[in-house]
């Protein structure tokens, strides 16, 4: 191949030795040509010539005498590229589609032996001389079997994930045991929290009071540490950590041995609240002891379920709603905040699977417009999976009571980070409404709703919720692996709601650093228990 530019600059000639491109001339009037035009021409040719060279070489190697240059070009690059399909190919495609349509409605014979792999299918075709229809039928049966196996594997994966999410990791169990032992042997671990001179602060409304109910010591440490480190006024922070009787010693030890000064921490067990008696919480006592309820949360999660008509996502939601934590008193405590803290006017209630990234003190300045609950709504937002929750997502609207009292299109709101006006709350019947609907659902054998503790709260707080800006509380980090990282960085609170908690191995690796940032890996108890190693 040669490129020749005439001395007069009137023509550019391209020629090839094999006559694939015999001659190409670009003629230009001398008086109109400019160096810029020439430069652009040569630049275009620099991109074009390698392609022409390769194409010429291919044609030469394949044999240029067997076809014309353009015909070879079309044949080598494929008829579809040039939009040409010969009649025989069209007939073959039509016949194959016809066979597929016939086979799609045909019954697959019982006992049909299916190949284990595609290579075995090809081998069987050769050995048994399959016609096209037999091949299509066997191939369809193979695909359907593969789909069934894949579906069963997906449900098995979801079940295993459910059990993993409900279990206690070895490291966290170790941490609780070691801290409990420390409480019994170390007087400093038993020191009063807070110190006696700071006790009046626990009921002082000039401070910012946070309530955290959890039996997870590691999670509690992250919530408290992230709040203190993100605050512009840590000296104004008071944390009321509520736990159960078995975790109390370990929880107390942690905060006694790991000060978050100047913030103040109080640790109490549910058995230390005089108000929490069986007389005041009879419904929850019934929920915890009712056999059908216990079987629902602890029994066989697949028995009675029609998996053929259930999508994996729906099944995952049902499994999440059957977490044993939903029959724990700790998970219902927020409904009793006005009684548990009779001297406080406002509190922020936090779940233990959140991380605080910004100063939350402005929450106390938000005007709730006479409402009780400041919360982020979950029916609108960029993430349509996480932020598309309406009442229809939580309730069974085929139940007459639900259909009568609720609107399926009403926007839902989120637990996890809520600002509660306790003074206004005490003037309402929210607690009584909550108990009443719990009783109704218990009577109906859990046919009104099945997803945890939020549904009765959605009813009880109806008309008492003030929406707050969504930037205060970002949800979904425990089940949405495609969480927008930039939005997560900007959110005041990020919430790992869902099964993939950051302290579990099933947590999302790329979302875990937001949480581990506040884990004190230099702590001896953390190191000795090999947390998240």
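Glycine too: its Cβ is placed from the backbone N, Cα and C atoms.
Summarising the annotation, Swiss-Prot assigns N-linked glycosylation site to 306 (among others).
Residue density at residue 396 (N-linked glycosylation site): 17 other Cβ atoms are found within 10 A of its Cβ, drawing on all protein chains shown. The N-linked glycosylation site annotation in Swiss-Prot covers 396 (among others), and the record cites sequence analysis as its basis.
According to Swiss-Prot, the N-linked glycosylation site annotation covers 445 (among others), on the basis of sequence analysis.
Taken from Swiss-Prot, the feature N-linked glycosylation site covers 520 (among others), and the record attributes it to sequence analysis. The Cβ of residue 520 (N-linked glycosylation site) has 15 neighbouring Cβ atoms from other residues within 10 Å, across all protein chains displayed.
Here Swiss-Prot flags 1-40 as topological domain 'Cytoplasmic', drawing on sequence analysis. The average per-residue pLDDT of the prediction over the topological domain 'Cytoplasmic' (1-40) is 49, rounded to a whole number.
The topological domain 'Lumenal' feature in Swiss-Prot is assigned to 62-533.
According to Swiss-Prot, the feature transmembrane segment maps to 41-61, an assignment based on sequence analysis.
Residue 520 (N-linked glycosylation site) and residue 396 (N-linked glycosylation site) have their C-alpha atoms 44 Å apart, to the nearest angstrom. If you measure from the Cα atom of residue 445 (N-linked glycosylation site) to that of residue 396 (N-linked glycosylation site), you get 12 Å. Other Cβ atoms within 10 Å of the Cβ of residue 445 (N-linked glycosylation site) number 11 in total over all chains.
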